[in-house]
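J.: This is the structure I want to talk about, given as C-alpha cells.
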Amino acid sequence: MKCRNLLFALETGVPPWGLLWVRSRVRMDEMTFHIWYPQVGAPGQQPQAQLAMALCLKQVFAKDKTFRPRKRFEPGTQRFELYKKAQASLKSGLDLRSVVRLPPGENIDDWIAVHVVDFFNRINLIYGTMAERCSETSCPVMAGGPRYEYRWQDERQYRRPAKLSAPRYMALLMDWIEGLINDEEVFPTRVGVPFPKNFQQVCTKILTRLFRVFVHVYIHHFDSILSMGAEAHVNTCYKHFYYFIREFSLVDQRELEPLREMTERICH
C-alpha cells in the first residue's frame, strides 16, 4: 500500500477507489485510527498489506515527526457547521475559487478560523509524510531554493530571527500554531465569546508561515512528492490554500514570489 493512499484515507475518511479495501482499527500513541488498506489474499490473511500499512503509519505518526492529531470542531457549534459546509463544497466538485468564498450571512472571522485549522491539519500531514527525507543533514537551513531563506522568531526562545534547519523550523512552527489554535483568547470556542481585534493579523502570520512549508516542500522535496504519487493531492491542497489567501488578501504578495511561476501554471 502506497503512503498516498494512507494520506487520502486519513484526510477524507474513505478509501481510494480501484481495489477491494478493508477497514482496520489501529491503536497508536493513545489514539485510535480507522485505516483503510487493500485486501490481499483471503479475508483475514493480509500480512503484506498489514505490513505495508504499518510502515506507512510509522512514517506518518512517528513521534519525532511533525504530525499531530487533528484539531476538531465541537459538534453543535457554528464553527462545526461551517466546517461541514466547507467540506461538503470541496467534495461536491465545485471550482475551488467558489469554494473559498464567504457564504452569505456568515461571519468572516468564523470562516477564516475554520480554514486556518483545516489548512494546519492538511499541511502538517503533507509535511509529516515526507519529514524523514527532510533532515538536519539534507536541509541544514530552512529555505526555498538559493534565493529565499526563512528565519524563525517567537516570543520565547528566539526573540531575534534565528537561522535554523528546516526540520527544526517546522517543529517550532507546528508547535507555535498548535498553541495559538488551542488558546481560547485567540481562537475562542465558547458561544458568545468574540474573536480578538487582531485575529485576522494573527491568521495572516499563521498562513504566511504555512505557505513557507509549501515553498520548502515543492522546491526541496518535489522528488518525494512524485515518488509517493502524491503530486495531484498536494497540488489540490496548494490551490485550495492559494485561492483562500488571495480571496481575503491574507498573505502579502511578496511572500508568494518563490512559487509564482508554478502558481501561474496550476492556478489558472
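Keep in mind that glycine also has a Cβ here, set from the backbone N, Cα and C atoms.
Note: TrEMBL annotation is automatic and uncurated.
Here's the feature list from TrEMBL:
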- Cys134, Cys139, His216, His221: Zn(2+) binding site (BINDING)
J.: Which residues in the same chain, at least 6 apart in sequence, have a Cβ under 8 Å from the Cβ of Cys134 (Zn(2+) binding site)?
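T.: Listed in sequence order, they are Tyr127, Ala166, Pro167, Met170, His216, His220, His221.
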J.: In sequence order, which residues at least six apart in the same chain have a CB under 8 Å from the CB of Cys139 (Zn(2+) binding site)?
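T.: Ser165, Ala166, Pro167, His216, His220 - these are the non-local Cβ neighbours of Cys139 (Zn(2+) binding site), listed in sequence order.
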J.: In the same chain, outside Cys134, Cys139, His216, His221, whose C-beta lies within 8 angstroms of the Cβ mean position for the Zn(2+) site?
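T.: Result: Met130, Arg133, Ser138, Ala166, Pro167, Val217, His220.
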J.: Take the Cβ of His216 (Zn(2+) binding site) and count every other Cβ within 10 Å, whichever protein chain it belongs to.
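T.: Summing over all protein chains shown, His216 (Zn(2+) binding site) has 23 other Cβ atoms within 10 Å.
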J.: Tell me, how many other CB atoms lie within 10 A of the CB of His221 (Zn(2+) binding site), whichever protein chain they belong to?
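T.: Its Cβ has 21 other Cβ atoms within 10 Å.
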